[in-house]
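Here the structure is laid out as structure tokens; the discussion comes afterwards.
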Amino acid sequence: MSNPIGTRIADLINTEWMEREMSNIDRRSLVKGSLATMMAGAAFSRAAFAQSSEPILLGVSGPLTGPNAQYGTQWKQGFDLALDEIQAAGGINGRKLAYQFEDSQSDPRQSVAIAQKFVSDPRIVMELGDFSSPASMAASPIYQRGGLVQFGFTNSHPDFTKGGDFMWSTSVSQADEQPLLASYAVKRLGLKKLAVLHLNTDWGRTSRDYFVKAAKEYGAEIAVTEGYIAEERDFRSTLVRVRDANPDGLILISYYSDGALIARQARQVGLKQTMCAASSVYSPKFLELGGEAVENVHLGTRYFPEDPRPEVKKFIAGFKAKYGGQEPDAFNAYSYDAMNMAAAVLKIGGTDRRAIRDAFAKVKDVSSVIFGQATFDVESRRVKGAMNAELVVRKGQFALWDGKPT
Amino acid sequence: MAERPNSMLSLRGLTRRFGGLTAVDAIDLDLAKGELVSIIGPNGAGKTTLFNLVTGLDRPDAGTVSFEGQDVTGLSPERIATEGIARTFQLGRVFGNLSVMDNVLIGAHTRLRAVKPAVPVIGPLLELGLALLRPASVKAEEERLREEMKAILARFGERLLSRIDQPAYSLSYANRRRVEIARALALKPRLLLLDEPTAGMNPTETAEMQALVAELKAEGLTILLIEHKLEMVMRLSDRVIVMDEGKKIAEGPGEQVRSDPKVIEAYLGHGLATKQESAA
Amino acid sequence: MSSWLDYTINGLIVGNVYALVAVGLALIFGVSRLINFAQGSIYLVGAYIGWVAVVQLHTPLPLTIIVVAVAAAVVGLIIERFGLRPLQNSVRIAPLLATIGISFVLDQLVMLTFSPNPRALPSQLPDIRFQVGGGTIGPLDLLIAGVGLTSALLLFVFLRYTKLGWAVRATAQDRDAAMQMGVDVNRVNQAVFGIAAALGGVSGLLVGMYYNQIDTAMSLQATLKGVVAEVVGGAGNVPGAVIGSLLLGLVESYGVAMLGTSYRNLFAFLLLVVVLVLRPNGLFVSARQAPPEPLTGTFIAPSRPVHIPRWALLVAVAGFAILPLFPVSFYVLQTLINAWLLGMLALSLTLVAGTMGQVSLGHAALLAIGAYTSALLSLTLAVPVGLAVIGGGLMSAALGTLLISPSFRLRGHYVSIATLAIGEIVALVILNWESVTRGPIGISGIPPLSLFGYDLIGPTSIYWFSLAVMVVLALLQGRLLTSHLGRSFRAIRDDDIAARAYGLGLNRYKSLAFIFGGFAAGISGGIAAHLYSYINHETFNTQQSILALTVVILGGLGNVVGAILGSVALVGLPEVFRIAAEYRILIYGIVLLLLVRFRPQGLLGTV
């Protein structure tokens, strides 16, 4: 907590205001959920909210409990930081911005109910989430038909934005990201024979395919690919398979927790090859969980601590100040960017749901940690051109790779 | 020992071992149509195991079971039931959550027309279809069976008739035994195996049960009876078989068996002389 | 060649890890014939207490172990005293459900206290590596093996040669007789839960250190693998649990060696199913032992169902049917659509688990089969959606019955474990059979529901459609229950030996129950697929199976109206608790526990 007193007070005021406002919302939704919605839910008047002094409300559908709960909590951190900054800068055309987070457990059954809840609640102008593809894409038809933007900022599934023109995503397309990683591994690190370990989910599988394609184009050989389920903790036998394929490099298409486990066990079974990981391992937790074993692991990321870009400096400094010195990770950055993007869209589109959809096509060069300047490609409804930095773990810290072999 | 020509049930050298123990040891037995044969012997003599071997709940290690000239050794219990062999159980096995009527109707299960087609896959599916569609013939059959079951239950007076829709677990012990016997009769058995039908009953109830078994015998039913109450055995049986440690040690008319020194030895040797005396 | 040595060593190493959980499970099963689904949660609690001790209090390792063991034992004692002891005389399924509820509560408490982010749990042992084969092992590997073997050995000695151990064994053999002989059964249970929980806590600590990582999702996975290992070794057999664990580790490791990492769990669950089918009492229990469950009537307790008059049902159905005509929000309708879909699954499960007595823990597999069949029929063969959904139901009925048939010869909890494994196998086949199921990418762009050429896309029309389908299925099931088949199913459930003696073949009638139930579940899955437009291997998971079972028990086993009432309650409650945000699953778990405690026969009673 080393930030200047002025900002602290601003923070306090903002936080307090936020809390009060959120609890109001909660209380209201309690009444609504039990009585009002049952009897008179559909009879809302949209006009009543047009000139309201109440905050503009976003709906968030994501996991706060269940096996993916950690990602929901990370989202909240990024959202709250972005909101502090947005309110401090005067909100959305003078109105405050707030969000209502509904826990879906990343379960499609709950995400569809939440989708109907948001669609039928006229205060909600846009939705963010969900986390997993089954939960997000099950809700898409409801958002599309209900005419509410579903802004999925971690949805890399190639079909997510094909759900309709109300589906928009700032998730880095794996078609963009994986060639960057392949280039790092093959062109820059000079690896020629690769073993790919990937999370066997839609994300991991899609990523693997793009990676393999790009790596082959760059002239590398793929010795073996191994998909593992998210709950897996023991990789020793997998790594023996990898060893027997005799690669000169290991590619980890992993999240930070499984990535750290693989790195540790790779060292235990005696693998000394270079490891190169997808940006999703970029988290201080990767260093904490991996310990010495992640030393010299290479990774491509969208931003890094010493990044000179002003938006990154602001994000990292703000995050550390708000969360007691904690370093932000990839998911914090995604949600932070998403909230900023939502604000930028609302500034153009106002509070009309269709106008908001149209505004996604109009926003230009929104300041973004991940993209630098984010502009949507209207065709794919995604953002192209993610930033790329080539990092390596040195002395237990992420550092920009100096070009020296490891 | 050659098979008797008029024999309904024939056991030859029937043997069942459990580990080192031979529970049933080379038993030969013939039962003629209409005959009532009792099996007596001390606890653990292998009587119930013998019943299990006949009804297919257990498989013999050696020997054969033939029923009406047909080899039924090692057939499944559900298959043997379709042959017309019904049994009751020593400790009583009613279906606790089923009503008295449903318990008895289960006894008539093998007679249902829906159950009959034995074609694999198609047969069961037809059964499912008939159960759901319930054409008039199925409904009529069910109605007819219900009337018939009431007639069977009426053999026990108002005891069961008045409780016809109550779940079996709510019945008294004696009534559960009666339900078991009614269920066995519902099968319209050609051979009835009764395993201690009066166990746990007081003298009045025992007398009633004895009268019922006598009535069944008079109706021409072939019965194999396991019973500890010797007086009842003596009154009812055409023949008595005595088992001890899995072996048949005596066979013949009641009075003859009763005075057989081997039988007395078996009971005395097992310290059960008192039981024999009190029962006699 | 040297690789096989490595695979063997790796198999033994991970087997060691499984053994720690399996031994605790075996001990509890041995005494109370209960699969303690909360064992994984105690393991979780142990890991986090260990984290506090190591990272915050900097305790040395021996002290850490003692602290964790004592704290976990206390948790175990609390569970025994307040969670399970009150259920001693209720339905046999009640304690099982209670342990599931307890695990919900414990996992949520840990998550709320420590946040769901994974944490590092550094090992306190020196970082020395010994070269073995191509890889290395460290002191922790040896410590884990040591703790596993020593605890198994100590337990063995305790059970054989101490007075309390004798009491434990006597209770395991025959609880009532032991009580009559003056054994204090409650004290025995306390001892067993205390020991098992201490062991579970320490295993969480050691495994956490081993991976240098603990998180709140580790609990279910630990329970699953522990249960597999325990049953393979022979449920209730402590040394068997250790050997079963090592065997499980080896089979997984060799499976990875042969077919690759994504087949690992497939091998684990196949091993379980094979063992259950060939040696239902486990590998190390002699086949001549008494059947694993009492033969009669104790699994489903006798009860009198609540009678609901026909007019009341008619009024309720009519009320729900006209609900969309009132200004009700789509959110409420959508929530009820979810309830109707869960209701169809619950109808299916209440038939097989309640009426037939085959308590399935893998019922979500039937949803998945129906969903994939319907989705693929409509997408690749352009079958009209209405017909595709029916096709999904039929496929689920046929394939589901075929897959579950190996469990027909099992009784009681063994059925649950076998079906759990079969459910996992289906999910893993969906994940790996990419040419058909598109693997983890899943199937997207599934066309919306339609009937006779009219798309059903608005919540109101979907609501009416799903309500109508569920009501039809419920009526059919009601009709089935009043036929001779309903009677036959219930007879087999109450006493399969007597039923067989009266001509009821178990395979035939269990198949019929699963065919009928599989159809309902497949229809539910099919509708869900078209509703969601996207499905993958995670859409229909174990949580769904557990939820469905909870619904069935809540409503009353075999009770058609109860299944629907339970579905509305269990879909509705978490939505009502939404205002409680992170706390809602905790509240839900507590409500569940209270229901099991005070109404174990379910709201409407067993039929």
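The backbone N, Cα and C atoms fix where each Cβ goes, glycine too.
Annotations in TrEMBL come from automatic prediction, not curation.
TrEMBL lists C:12-35, C:42-59, C:65-84, C:136-159, C:231-251, C:263-282, C:311-333, C:340-361, C:381-402, C:414-433, C:547-573, C:585-604 (among others) with the feature transmembrane segment.
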Taking contact to mean three or more C-beta pairs under 8 angstroms, with sequence separation of 6 or more, is the transmembrane segment (C:136-159) in contact with the transmembrane segment (C:231-251)? yes
For the transmembrane segment (C:263-282), find every same-chain residue at least 6 residues outside the stretch whose CB is under 8 Å from a CB in it, and list them. 225, 228, 231-235, 237, 240, 244, 247-248, 251-252, 254-256, 289, 292, 406-407, 409-410, 414, 417-418, 421-422, 424-425, 428-429, 432
Cβ under 8 Å, sequence separation of at least 6 from the ends of the transmembrane segment (C:414-433): give me the contacting residues as numbers and ranges. 35, 96, 224, 227-228, 231, 235, 262-263, 265-266, 269-270, 272-273, 276-277, 280, 292-293, 358-365, 368-369, 372, 403-404, 406-407, 439-440, 537, 540-542, 545
State the residues, same chain only, that lie 6 or more residues beyond the ends of the transmembrane segment (C:547-573) and have a CB under 8 A from a CB inside it; answer 'none' if no residue qualifies. 91, 93-94, 97, 100, 300, 303, 305-306, 308, 313, 335-336, 338-340, 342-343, 345-347, 349-351, 353-355, 359-361, 363-364, 470, 474, 477-478, 481, 490, 588, 591-592, 595-596, 601-607
Please report, as numbers and ranges, the same-chain residues at least 6 past the borders of the transmembrane segment (C:12-35) whose CB is under 8 Å from any CB of it. 42-43, 84, 92, 95-96, 99, 137, 141, 144-145, 147-148, 151-152, 155, 168, 171-172, 188-189, 192-193, 195-197, 199-200, 202-203, 206-207, 210, 222-223, 225-230, 233, 235-238, 240-242, 244-250, 252-253, 293, 413, 416-417
Looking only at residues six or more beyond either end of the transmembrane segment (C:381-402), which have a C-beta under 8 A from one in the stretch? 365-367, 369-375, 447-453, 511, 514-516, 518-523, 525-527, 529-530
